[in-house]
Amino acid sequence: MGRKLDPTRKEKRGPGRKARKQRGAEVELARFLPPVEEQVSPQKEKHAVKAAGQTARGRSGFSDGNSKWLAPAKAKKIQPKGNHVELSSDGEVEESSWEMEEEEDGSSEEMVDDYGASSSEEEELLPIEKAALKQKSDREGLSEDDSEEEEEEEAEETNKQKMGQKEEEGPDLQLNLDIDEQFKLPTSEEIEKEDILFISPPDLHVIHQRIQGNVEVLQDFGVKREEGRSRQEYLTLLRRDMAAYYSYSDFLLTKLMDIFPLPELINFLEANEVPRPVTIRTNTLKTRRRDLAQALINRGVNLDPLGKWSKTGLVIYDSTVPIGATPEYLAGHYMLQGASSLLPVMALAPQENERILDMCCAPGGKTSYIAQLMKNTGMILANDSSAERLRSVVGNLHRLGVTNAVVSNCDGRQFPKVLGGFDRVLLDAPCSGTGVISKDPAVKTNKDEKDILRCAHLQKELILSAIDSVNAASETGGYIVYCTCSIMVEENECVVDYALKKRNVRLVATGLDFGKEGFTRFKDRRFHPSLKSTRRFYPHTHNMDGFFIAKFKKFSNAIPQAKKEPAVEAAAPSTVPDTITEPPPKKKKLEGSKADKEQKLPQPALKKKRSFQAQRRPLKA
Amino acid sequence: MRPLTEAETRAVFEKLGKYIGENIQLLVDRPDGTYCFRLHRDRVYYLSEKLLKLAASVPRESLVAPGTCFGKFTKSQKFRLSVTALDFLAPYAKVGPGPRGPRAGPTAPHSSAPLLQYKVWVKPGSEQSFLYGNHVLKSGLGRITENTAQYQGVVVYSMADVPLVSARPLPGLRGCGVGDLPHLPFTPQGFGVAAKSTQECRKVDPLAIVVFHQADVGEYVRNEDTLT
C-alpha cells in the first residue's frame, strides 16, 4: 500500500474498498514502459477485473457458464420508479420513467452490477484484457452447446440470436458483434423435439431471449424474416414462448395479442408480474389529506400524493406499520383503495342531495367515496348480490362514517323492479378480471372463451337494468357510469355498444382527461364513434390496475321496442319513432352495418336478439 | 324493518342515556331532519326519515343495513351497544363548526347545553390491549373525568393520540363555518363502563379493572363479519 515510485504524480483513486488495494504489476510497470497502451487510470483498473470477465456479448454477463441464469436483479429497479406516476401539465401521465424502464427490460438483461459504479463507456481494454476476452468468448461458445442437450441446434441459434439482437438494443451497450446475425426461427421439428424430449425444465432464459428475438423480427418483418417462413409461424412460436415464460393460457394470450401491439404486449405482461403501488383514499368526512398525511408520516409511513388528478389519494411507498391497522384506519380516516377505483366515481360526479344507486358495491370503496363527495346528504343504495361480501361493505361504511347509505342484497338485474328513479347509477360490473392480473395471477390460466362470454352476457343484462333504473328527467342527473376492471373488448366496448343500441342513451365525456380512448373498431367489429369518449387504463402505462370506464347520459325514459316479426316491419317503424327522439335513428343507421357482423357471436341467447335486430335494420335503413 | 316497541325503546334510550345523558332528543331532532330508530333483524338502526323511505322499499330479505347500526338486542332482549355508534355518541359535546377542511359540510351548533361527557383516557401502552378487547386496568389508566360514578358509561380515548383534525362534526350536519374549534382533540377508541368511581380509582391497586370494555374501534378489523 502506498508504494509510490513517483511522489509527484498522484493518482486518483475511486471510492470503495477495492480501490485501496495495490494495483497489479501492469499498472506499476506501465509507468516505465513506453505508452503502447492508453493511459491507465485507477478507474480502469477497477474495471480491468470486470473487463476480464466479459463475454463475447459485450459488457454484460458473467464469463462462466452461469451467464444464462445468473442475472443481477433488475426487477427491484422497476418498482420505485414505477411508483412515481406524476401528471405532466397537459394531463397525460408521464410515462417516460415507467416506459423507459420497460424498454430496457424488454431489450436485454442489462446487467446493473454495482461493482464498478460508473458505466463502462470510457473503458479501453489493455492488450492483456483483449486477449482474455477472446479466450473467454471461445470458451463460452463451447459451453453453451454442451449445457443444452435437447436444444443442440437451437443453442447455436440462440447464441447468434443473442448477438443479433444486441446491436438493436440499448445505445448504452458497446457491442463488438457481427451485425448480420439474426434470429433463426427453429423449425417445427425442433419445437416438437423440445416438447417431447422434455429432459430438463424449459430454460426460461433461453425462452426470454427467443421472445426478444422473435419480437424484433416481427417488428420489421419484411427485412428480418427468414425466407420461406410465414408470419404465422413466428407468431405461433411467440405465443408458445410467452405462454411458457409468463404462465398464460394460450387463449388469453391470443386475446391479448389482438388488443396490444407486440412491444406494448411485452410491457403489459411484465407489468402484470409486479404489484401496483398501495394507494389510500382520504376520508374527507373525517379528515383532510394534509392532516392524514402528516399523521401517517409521524407513524413512519412513506407516502406521496397520488397525482394532480386526485385530491384525496395518497400512494404508499413503504411503511413500518401495517397500513390496514393504524389508529387512523380504525378511526375511519382513510380507505385502502386502488387508484383506478377512484376514477369511476370521479366520472360519476355525484351531487349533493341526489339518489344514487351503486349496483355492485362490494367492498364499499366506491360507495364511500360517493358518500364523501355528497357529504353524507342525499341517499345511496348500495347493492351487491353476494351476501358475504356485503359484510365488508357494512363494516367499511360504518367505519368511515357514512350515514346516507342503505345496504341491500339484491341481484342487480332486478333493479328497476325493486326500486327505480335514481339520479345516477354506478355499475362496477363483475368481470373476468384481466386488468388485475397482478393481484390475482390465477386469471392467467383459468379464464377461457366461455367465461368471457358469460361475463359479457351478465354485464349486458346489468347495464340494461342500470339504465332502466335511472330517471332521465332528473334535473341534476340522468347519468350512468359503467366500469370494469378488465381490458377485454367483449366486456367493455361490446357491452357499451349493446347498451347504445338497446336504450335511449348516449355516451358523454367521462371528465377524465388521461387514459387511452376506447376502441371504435376492433378486428372485424365496428362500434359507434362516440366510444371514443370511453377510457381505458392499463397497468403498464398508467401504473394502476387495468380499467375501463364509460359514462352514459339517458335522454329519454322510453324503452325502444325490439320488433320480433320481420313481416310487420313496414308497418312497425311508424310506431317506433313516436317514442324515440331524434338522435337514435341516426345512430341506428350507423349500426345497421354492425348488426350483420354481430350475428357471428356464438352465444345462443344473444344471437337470437341480434338476428332480430339484424333483420330489422337493413329494411328500416 | 319496524319501529321499536315501548319496551325496546326504553331499553335503548336507557343504554344511550348512560353515555350521553339526557340529550337523546338531540339525536332525534337534528337540524337536517328528523332521525329515527328502526329495528331490523334484532339490530337497531339509526337513520333519517328520508333514508327511511328508501329503505322501506327494499324487500325485507334483501335489506342488509338501513342507515347506521347502533347495537343489537341479544336473545334475552338486552340491548348491547356496538362500536358503530361511536361516531354519534362520542363527540356529543357542544358540537361546534369544524375547520374548513373536512368536507363533511358545515356544522350546526346545537342549541343545547354542553353534554356531560364522561371520558377516560388510556395510556399509550395499554391502548393496544384495549383495542384487542381487554378491560382497562388501573395501570393503564391515564385520566378520568371527575365525578364519574360507578357503572357509568364512558367513552374511552387514548392519550397517545396526536390531535387529529379536531371537532369532527356529527356527520351529515349542516351549519355555519365560523371557527371556534371546540376542544375535541383525540379520536375516541371505544366505549366502556366504569368499574370504579373516580374516587375509588385513586385508591385501588394497579392490576384492578377500572373500565369494563364494551366496544372498541379494533372491532372493525377483528369482528368485521359480525358487524352486520
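Note: Cβ is positioned from N, Cα and C throughout, glycine not excepted.
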Of A:Asp384, A:Asp448, residue recorded by TrEMBL at the S-adenosyl-L-methionine site of A:Cys360, A:Cys361, A:Ala362, A:Pro363, A:Gly364, A:Gly365, A:Lys366, A:Asp411, A:Asp428: A:Asp384
Spatial separation of A:Cys485 (active site, nucleophile) from A:Lys366 (S-adenosyl-L-methionine binding site) - C-alpha basis, Å: 13
Binding-site residues compared (A:Cys360, A:Ala362) - highest count of Cβ atoms within 10 Å: A:Ala362
Around the Cβ of A:Gly364 (S-adenosyl-L-methionine binding site), the count of other Cβ atoms that are within 10 Å: 29
Where the record names A:Cys360, A:Cys361, A:Ala362, A:Pro363, A:Gly364, A:Gly365, A:Lys366, A:Asp384, A:Asp411, A:Asp428 as binding S-adenosyl-L-methionine, the maximum Cα to Cα distance in Å: 19
Helix, strand or coil at A:Asp411 (S-adenosyl-L-methionine binding site) [DSSP, three-state]: coil
Rounded Cα-Cα span from A:Cys485 (active site, nucleophile) to A:Ala362 (S-adenosyl-L-methionine binding site), Å: 14
Those residues of the chain, 6+ apart, with a Cβ under 8 Å from that of A:Cys485 (active site, nucleophile): A:Ser340, A:Asp428, A:Cys431, A:Gly433, A:Gly435, A:Val436, A:Asp545, A:Gly546, A:Phe547, A:Phe548
Neighbourhood of A:Asp411 (S-adenosyl-L-methionine binding site), C-beta criterion under 8 angstroms, separation at least six: A:Ser385
Averaged pLDDT score, the domain 'SAM-dependent MTase RsmB/NOP-type' (A:268-555): 92
